[in-house]
Amino acid sequence: MTLLNFLEVFSILVNATSGFIEARNRKMDTVGFFIVAFVTAFGGGTLRDILLDRRPLFWVDHQEYTVLIFALALVARPLLNTLEKLLSERLLVIADAIGLGMLSIAGISVALAAGMPPFIAAIMGVITGTFGGVLRDIVCNEVPMLLQDRMPYATCSLLGCGLFLLMRKTGAPADFTLWFSALAITAMRLVTWARDIRIR
Amino acid sequence: MTLLNFLEVFSILVNATSGFIEARNRKMDTVGFFIVAFVTAFGGGTLRDILLDRRPLFWVDHQEYTVLIFALALVARPLLNTLEKLLSERLLVIADAIGLGMLSIAGISVALAAGMPPFIAAIMGVITGTFGGVLRDIVCNEVPMLLQDRMPYATCSLLGCGLFLLMRKTGAPADFTLWFSALAITAMRLVTWARDIRIR
Amino acid sequence: MTLLNFLEVFSILVNATSGFIEARNRKMDTVGFFIVAFVTAFGGGTLRDILLDRRPLFWVDHQEYTVLIFALALVARPLLNTLEKLLSERLLVIADAIGLGMLSIAGISVALAAGMPPFIAAIMGVITGTFGGVLRDIVCNEVPMLLQDRMPYATCSLLGCGLFLLMRKTGAPADFTLWFSALAITAMRLVTWARDIRIR
């Protein structure tokens, strides 16, 4: 398993966990746990692929991840209790920031490969990184946090996508560009969280 | 008109009726009646087809069903009053259970024909059978009932899709497999309703 | 810049403004301003193109409009204050009515060109003209106004699309048909607004 594969599974699990937490807060049943976690984990990438008309969708091509979330949904309640004993809020934020960086840069790469112009590709990166959470909130009948919590979540993603485009134009090595801009997003998210920086 | 055609129209009308009831509860206008009934009747299959990238969509290929729901929306208020005098709640649940079975098995068949792997095809069956109601609730600004009412609605659909896959693998005749698993879903739904069986 | 181009940009800006107003009412941050305005401006056409399986999407092909809404979102708060000093409610309704006419007729034209049957093409026209607002309300966690405000908004759009189909069948010149039916929608909307005509 390469590092990239590992981070992929990691990002999916982090997003699914955020879906499980939301489903538990809403006292949903097991069906709700699965659907909300699924939407949070794959919603951003699926929306991007529908907009780009790319098939097969990620979770169709990787049936195993869907099975994994299904299995986790069956044990999600005890699992969350255990996780909350093991992990601090700080760890969850760090995991989430890593997921944001990975997904955003994966999203912009896919969009550029599909021939999108730069600004649209950056928007697709932000959609991939953040719209799982937006769709989760829509399904759970809440105003999406992303739209009003004043945390620079989408902003970090967009700035990192801009950095990615810039580095790409200057001819930096592809791999370095990818990892550096993903890490930049993670770092920005962590710094703005630690300093409680808000946007208007 | 074959039995299959008949059950198809029947499932659409049952779903549309559930949309009309929701629209009336929300005191919507005629436009709302049409849109909510349309979304409930065709939403699950349309979402499946978008995910599979299949076109033309069912309701584009069968313009007559869209016209039918449009015509029904114009007379939906007196229609519902009449229906409620004629039908008991029991009859509505039976109709709904038949629709769930038909739509789920139609959905998994289409997904397998489109080359989906088995578990994903089963998920597509559940989406076809149940997401009309989920989209109805999202449009009406409610938490989708499917996610939290603890009724084993999606569960019956998923078990029936599993049965379908199993029978298919054992080489049972295609027609028998289709009808038997659709009926199994309907039967499971009715038994769990009659005995008030809940999931966690 | 042709008149058609001008009206296109005009319709997009009118819809984006309605998104900005909604975002301000909900006290959203700048990310929310951008996303809600984007969804309102492009949501109807994007949904139509996904249903028709048309690509590239309008806003992908016209990157400049996405950049424009992004730039406007950054200054949306002072912009709205200025607009409200300059414009009366009457002017906003007129602008909105023009947008409804343009978008509906653009929508039905695209659908017919894609080979849709007439009634479905008319529905696509209504979706293009009105679903930006529906998606805006879904994202903002409200019951879509279109479904329950009893204003004949979708009805004007549908009647105008019917007129378009009729004129097309009688062999009226294509350009005249387009402008006349778009204007008819705008006129119907303004008359029903001025006389406060409601539907059931």
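Backbone N, Cα and C define each Cβ position, glycine as well.
Positions annotated as domain 'Glycine transporter' by TrEMBL: A:6-76 (among others).
As annotated by TrEMBL, transmembrane segment applies to A:30-51 (among others). Sequence-remote contacts of a segment are chain residues at least 6 beyond its ends whose Cβ falls under 8 Å from one of its Cβ atoms, and for the transmembrane segment (A:30-51) they are 12-13, 15-20, 22-24, 57-59, 65-66, 69-70, 72-74, 76, 103, 106-107, 110-111, 124, 127-136, 139-140.
The transmembrane segment feature in TrEMBL is assigned to A:63-80 (among others).
Remote same-chain residues near the transmembrane segment (A:92-113) are listed as 7-8, 10-11, 14-15, 17-18, 44-45, 48-49, 52, 54, 120-122, 124-130, 132, 153, 156-157, 160-161, 164-165, 168, 178, 181-186, 189-190, 193 (criterion: CB distance under 8 Å, separation of at least six residues from the stretch ends). Annotated transmembrane segment per TrEMBL: A:92-113 (among others), in sequence order.
As annotated by TrEMBL, domain 'Glycine transporter' applies to A:94-168 (among others).
Per TrEMBL, the feature transmembrane segment maps to A:119-139 (among others).
Among residues of the same chain six or more beyond the transmembrane segment (A:151-170), those with a C-beta under 8 A of the stretch's C-beta atoms are 100-101, 104-105, 108, 112, 118, 121-122, 125-126, 129-130, 145, 176-178, 180-182, 184-185, 188-189, 192-193, 197-199. Summarising the annotation, TrEMBL assigns transmembrane segment to A:151-170 (among others).
Beyond the transmembrane segment (A:176-194), the same-chain residues lying 6 or more positions past its ends with a Cβ under 8 Å from any Cβ of the stretch are 93-94, 96-98, 100-102, 104-105, 109, 129, 151-153, 156-157, 159-161, 163-164, 167-168. TrEMBL lists A:176-194 (among others) with the feature transmembrane segment.
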DSSP-derived helix, strand and coil totals, residue by residue, for the domain 'Glycine transporter' (A:94-168): 62 helix, 0 strand, 13 coil
Segment confidence, the domain 'Glycine transporter' (A:6-76), expressed as mean pLDDT: 94
